[in-house]
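Here's the structure we're looking at; comments come further down.
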Amino acid sequence: MYDISKWKHVFKLDPNKEISDEHLEMICESGTDAVIVGGSDGVTIDNVLHMLVSIRRYAVPCVLEVSNVEAITPGFDFYYIPSVLNSRKVEWLTGVHHEALKEFGDIMNWDEIFMEGYCVLNPEAKVAQLTEAKCDLTEDDVIAYARMADKLLHLPIFYLEYSGTYGDVELVKKVKAELQQAKLYYGGGISNVKEAKEVAQYADTVVVGNVIYENIKAALQTVKAVKGE
């Protein structure tokens with residue numbers, strides 16, 4: 001079994017976006033610690049299955065980040081269930097989770113399932129609009145969400161999500177200092193080695209996504225930048 005607490009770098013693939021077989025092979029053979037499959041919209045059982053079958057040709061660990069209960073399928077190593085802590089809609093805090101447990105609770109392997117406490121910080125991002133996230137947060141607001149995830153809810157992952165834009169590294173540093181047991185995931189706007197290294201100083205796990213579709217070479221370079229190998 002893989003140990004997610006040791007993952008430093010992961011790629012995130014959107015099942016609703018096209019990626020060539022050649023680029024997928026590069027991603028899966030890059031030395032990244034895992035590949036997360038997930039997106040904010042257009043996630044279906046068909047495109048999730050297509051992505052799963054494609055990734056399973058390689059040895060890399062594979063995670064489904066659940067945003068649509070109807071797109072859940074067996075075959076992934078782990079399942080990440082996001083709870084958007086700064087969402088104004090209860091369905092993104094506990095609603096989707098309740099639905100999933102009603103449908104799959106009897107057959108869930110709890111060793112494969114991890115909750116993520118998301119704090120979404122880019123109001124322009126699809127995920128912010130979908131979840132109606134309150135993004136105009138102060139530093140104290142964000143730290144309070146981090147403490148909530150870590151100390152009140154005892155979540156294994158606190159995820160700072162800037163989705164499409166590069167975030168505030170000083171804030172990442174301060175959030176990391178607050179967390180005792182939760183691992184800090186950072187996602188958003190990483191497009192080069194410099195940014196990847198900068199964030200990796202503080203985040204436990206750096207998530208690289210959009211740049212895969214914009215500049216595959218730059219995406220691949222982030223692996224060594226983060227892991228220092």
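Along the chain as shown, residues are numbered 1 onward.
Note: Cβ is positioned from N, Cα and C throughout, glycine not excepted.
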From LYS12, LYS17, LYS89, grab the residue that Swiss-Prot records in the same sn-glycerol 1-phosphate site as TYR159, LEU160, GLU161, TYR162, SER163, GLY164, GLY189, GLY209, ASN210.
LYS12
Take the Cβ of LEU160 (sn-glycerol 1-phosphate binding site) and count every other Cβ within 10 Å, whichever protein chain it belongs to.
26
